[in-house]
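Undergrad: For reference, the structure I am asking about is given below.
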Amino acid sequence: MAEPLRPFRLRGCGSPQKFGVAAGSLRGLLRKGCRLLQLPLAGSRLCLYEDGTELTESYFRALPPQTELVLLGPGESWRGCASDIERLLAAFCSQQGAVVEAARRLLTDERAPRRQKLLADLIHNLSENILAEDKEDDKKWFEGLESRFKNKSSYLRHSCESRMRGYMREVTGFISNVHPAARDAYRGIIDLMADKLKSVKYNGCYFDRREEEEAARLCTAEGWFSCQGPFDRDDCPCKHSINPYSNRESRILFSTWNLDHIIEKKRAVVPELAEAVKTRDGREVNWEYFYQLLFTLDNLKLVHIACHKKTNHNLSCDKSRIYRKRKQTQEIS
């Protein structure tokens, strides 16, 4: 007795078009599918769209009606939904303009809120102008900024410099908490740090795409920045990433990201520096160690605002590095 016909949704590998095909056996469905999609029967096979599982006759009989299947010709493979995603990403790279236009057309008729949001985000992200550096090549990116900024790197360098200057102001402002007898020494260390910062242009090179060797420490040559997560984790749990060079919205959003001191600036580093100056007792304060903690990536993580922990990190300075041996000059006889 022939098996009753059951309906399935069938598509070819790499094609979004789906066909309704009814069959009572795997062999019958394979034969109809090959005829419909003009594939040779020899070497062809059927698999689940969802995960790429290849069908057997017994597996086929257990499938519910309307299961989505993929017909594979000789030499073709299917890894499930991931295969569609791979093709989608490839289309973004090779036909970005066409993808944006297609998404805009879909958006005009779309009524489902979640799909509207996905399409709007897609259009926004694919409309980026990441490679443009100069103002005349991406005028929209510079809207709202002072006219003195002529390229993207110059503005992002300025933003980084502003953060570093702010950290220096905090270190300088702490002088009222330093023991009066140690304030001159504390001012001397501040001067050394300020000179060091000026010599490296307040570390603005981290945001200069033209200085790729330095910039690569924090971002790729294309300007992508990844959230480095809370201080007590290896990775950002939400996988936040951003490219402030891409468009105006990303540039504004990036300004909300924080440079998080792992060993905290206010609770640990600056008070420890003040204490070291006060109790140095003839020893030389290792100001370069404190400089690294305050102003460099040795102690700074770039984090999305949601990953910036405001609670106490409970980390302290390395006591063995607070002082250093004075350089001794030997007299040559």
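Positions of Cβ are set from backbone N, Cα and C atoms, glycine also.
Pasting the relevant annotations from TrEMBL:
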- 4-80: domain 'CIDE-N' (DOMAIN)
Undergrad: What mean pLDDT score does the domain 'CIDE-N' (4-80) have in the model?
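TA: Summing pLDDT over the domain 'CIDE-N' (4-80) and dividing by its length gives 92.
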Undergrad: Could you break down the residues of the domain 'CIDE-N' (4-80) into DSSP helix, strand and coil, giving a count for each?
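TA: So the counts come to 18 helix, 23 strand, 36 coil.
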